[in-house]
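Under the heading active site, proton donor/acceptor, TrEMBL lists Glu199. According to TrEMBL, the feature Zn(2+) binding site maps to Glu133, His151, Glu199. Sequence annotations record features per position, and here TrEMBL assigns domain 'VOC' to 79-203, 209-333.
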Amino acid sequence: MASSIRPTLSLFNRSPRLSFSHFSTAVVPQSRSFGLKACRMLRKSGNSVRVMASGNVPSSLTDASQENLLEWVKQDKRRMLHVVYRVGDLDRTIKFYTECLGMKLLRKRDIPEEKYTNAFLGYGPEDSHFVIELTYNYGVEKYDIGTGFGHFGIAVDDITKTVELIRAKGGKISREPGPVKGGKTVIAFIEDPDGYKFELLERGPTPEPLCQVMLRVGDLNRSIEFYEKAFGMELLRTRDNPENKYTIAMLGYGPEDKTTVLELTYNYGVTEYDKGNAYAQIAIGTDDVYKTAEAIKLSTGKVTREPGPLPGINTKITACLDPDGWKTVFVDNIDFLKELE
């Protein structure tokens, strides 16, 4: 393709019963009010921005054993595995992602007894790359994306060529290439056939072109604290944009130019969002789903599926909601690799 996105392809079989879409029911927005502290609590320290603690940590976290558990989270071998969301026409979406975005169809499976089909797409094999898991439910042609989901990010070498290719294929360009407001990075925005937005970022060669998932949150300090403690993510940077009344925080398990990161956006004064029923969840690998679930409980998260093996295949998982109701599934690392074999 004209774009310089350079995907690789790895095909393998995995048990058809393991589908994280089984746990991707729509999340009902939660009516919680935690106060607006994010922007007032950002303090510059040298060239970095430090976010002050929100004060929502239970006093029980001072217990030595619980502190040891949260310390284990930081040492756990974690990686973002894939993101799950629903589409109304699987073939149409696969065509758009492969022809316009340069992804490869890694595998596809149909589960007729449960009336859905999955397709996995990305820029490299699932054992080393972050990929997309599309879910098509028989007979459902349209979903509500809501206002909470933001976009996915894709790094490209030449953003102008990529945008022109997408335009030539009939894709929708919602923002032409140009520098990001208040910065130097050249970006563009496009939309897929279901209305999911993708931010294109012009960068040099990267091992992880599918580089971002952006979600909106109602209290940035609260979310940062949760993802650091419960998920073991590192706060890579924050950026406040008072002119446009929003603040972002980038978190992940490695640098932005080499790994997929989570971008959290706080819009001034907005505490809740409609999550719709289209976006489902992110999956993350862990060495121990049982310890992971306990750490989530200690960090104001809600465990929606207690840790344990999936029936029939023994792959251990646990599922949870963050303070805003965004869902994540943690998958045992060894079990995940066995499934890929």
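Glycine is no exception: its Cβ is also placed from the backbone N, Cα and C atoms.
Recorded features from TrEMBL, shown on the structure.
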residue: Glu133; record: Zn(2+) binding site; Cβ within 10 Å: 24
residue: His151; record: Zn(2+) binding site; Cβ within 10 Å: 19
residue: Glu199; record: active site, proton donor/acceptor; Cβ within 10 Å: 21
Reported in the order helix, strand, coil, what are the DSSP residue counts of the domain 'VOC' (79-203)?
24 helix, 58 strand, 43 coil
Rounded distance in angstrom between the Cα atoms of His151 (Zn(2+) binding site) and Glu199 (active site, proton donor/acceptor):
7
In the domain 'VOC' (209-333), how many residues does DSSP put in helix, strand and coil?
21 helix, 57 strand, 47 coil
Report, in whole Å, the straight Cα-to-Cα distance of the residue listed as 'active site, proton donor/acceptor' from Glu133 (Zn(2+) binding site).
18
Could you tell me the mean pLDDT the prediction assigns to the domain 'VOC' (79-203)?
96
